[in-house]
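Visitor: First the structure, which I've put down as structure tokens, then a few questions once you've had a look.
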Amino acid sequence: MIALIDYKAGNLNSVAKAFEKIGAINFIAKNPKDLQKADKLLLPGVGSFKEAMKNLKELGFIEALKEQVLVQKKPILGICLGMQLFLERGYEGGVCEGLGFIEGEVVKFEEDLNLKIPHMGWNELEILKQVPLYQGIDNKSDFYFVHSFYVKCKDEFVSAKAQYGHKFVASLQKDHIFATQFHPEKSQNLGLKLLENFIRL
């Protein structure tokens, strides 16, 4: 059973509908104790890094997530802002500490790239590692992105990249911690396939 963490940051309904399409049992976790009932966790999110961390703290999720993920070793998937929150720090609205599951930081796309920010729309993945999330998904497949910030971290955690002005991290894996900058729930059949792969872990 998958807990979708509700911390007032966005796209819960679309993620829940995607899981329903593939027959996956899920529920909305509105408080930290709810996480104990799940065997997998999902941290979605759209919006500001700083505001999201503030909400997680106020709702009591930060320590609960660290317990469930780092101690209990439950698999977790972070989507978009959810992925960014896994890093050590972000700079949106000033320097802000993240959850620290993965070493690295979250920075804004450079203004001098002459590109529209946010990066919005379909983009091709360069799959760098055959991790479980990409089982049955071909290299150069397209997924849907909406973001103004991107992750900088060690290559050892990067499972895919995409190109927007320069190459950026499209997905991460560190042991049982998985994350995508793109939105699988908005990426049609390939996105559903990725979510199925997460369920099967």
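Note: Cβ is positioned from N, Cα and C throughout, glycine not excepted.
Not measured: the values here are computed from a predicted model.
Summarising the annotation, Swiss-Prot assigns active site, nucleophile to CYS80. Look at Swiss-Prot and you will find HIS183, GLU185 tagged as active site, backed by sequence analysis. Annotated domain 'Glutamine amidotransferase type-1' per Swiss-Prot: 1-201, in sequence order, evidence recorded as sequence analysis.
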Visitor: Quiz question: given the active-site residues HIS183, GLU185, which has the greatest number of C-beta atoms lying within 10 angstroms of its own C-beta?
Guide: GLU185
Visitor: In Å, rounded, how far does the Cα of GLU185 (active site) sit from the Cα of CYS80 (active site, nucleophile)?
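Guide: Between the Cα atoms of GLU185 (active site) and CYS80 (active site, nucleophile), the distance comes to 11 Å.
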Visitor: Check each residue in the chain of the residue listed as 'active site, nucleophile' that is at least six apart in sequence and keep those whose C-beta is under 8 Å from its C-beta; list them in sequence order.
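Guide: Once residues fewer than 6 apart are set aside, the residue listed as 'active site, nucleophile' is near ASN11, PRO44, GLY45, VAL46, VAL146, HIS147, THR180, GLN181, PHE182, HIS183.
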Visitor: What does DSSP say about HIS183 (active site): helix, strand or coil?
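Guide: For HIS183 (active site) - judged by DSSP and reduced to three states - the answer is coil.
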